[in-house]
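These come from TrEMBL:
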DOMAIN    109-143  domain 'TRAFD1/XAF1 zinc finger'
COMPBIAS  147-156  compositional bias 'Polar residues'
REGION    147-176  region 'Disordered'
TRANSMEM  182-200  transmembrane segment
Amino acid sequence: MAAAGADTDLAAAAPAVSTCAHCQREIPSSNIDLHSVHCARNLQKCLHCGEMVPRKLMDEHYDENHAPMNCTLCKETIERESWDLHKSEKCPQRMVACEYCEFELPAVDMNEHQDVCGNRTEYCQTCKKYIRLREWIGHEIQCHTNSNGSAETSRTIPEREVRPPPPVRPARPAHGSQHKRLLFTIAVTGIAVMVGSILFQRDESF
């Protein structure tokens, strides 16, 4: 009887509440009229997320949380809720790494690249055979599994394929000095011919 009386006292002590028809929150009944007027005048329910937002901030709320986004890679318009998924998994122009050579390419080109790259062969140091890269993991599991049940690998995939720099052409020999030497030789030869001609004419005059 004492416990029942205590529960009755607590129920009587708890303030009565009412639900706001605008925001669906429970408000003390003594304040419900004032709250309802303020809520209907100043707050607006977002149609996208159901959050009550100040009316003057609704446009800002929409732009920051729900407005579609333009992907700079594929030029598509994406709903903001799907942006993270699009950026990480769906965008055809996102950069992904080849599972065989770790070289990064746009996702839309990766299947074609891996069809070629996976058919390359690499020499297995353990069994002394050339193995296609697309068959390498299965080859190691089948042929090189150790006593612990794990596959021993004899191949190291680089963290990222680095394209070699273009070959450097050997410097062309400088032709300026040869040209000057040729002109000097011609000039000396001309002077020698002129001097010889003058001496020859003097000898004939005597």
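Glycine is treated like the rest: Cβ placed from N, Cα and C.
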Residue counts (helix, strand, coil, in that order) that DSSP gives for the domain 'TRAFD1/XAF1 zinc finger' (109-143):
20 helix, 8 strand, 7 coil
Please compute the mean pLDDT of the model over the domain 'TRAFD1/XAF1 zinc finger' (109-143).
86
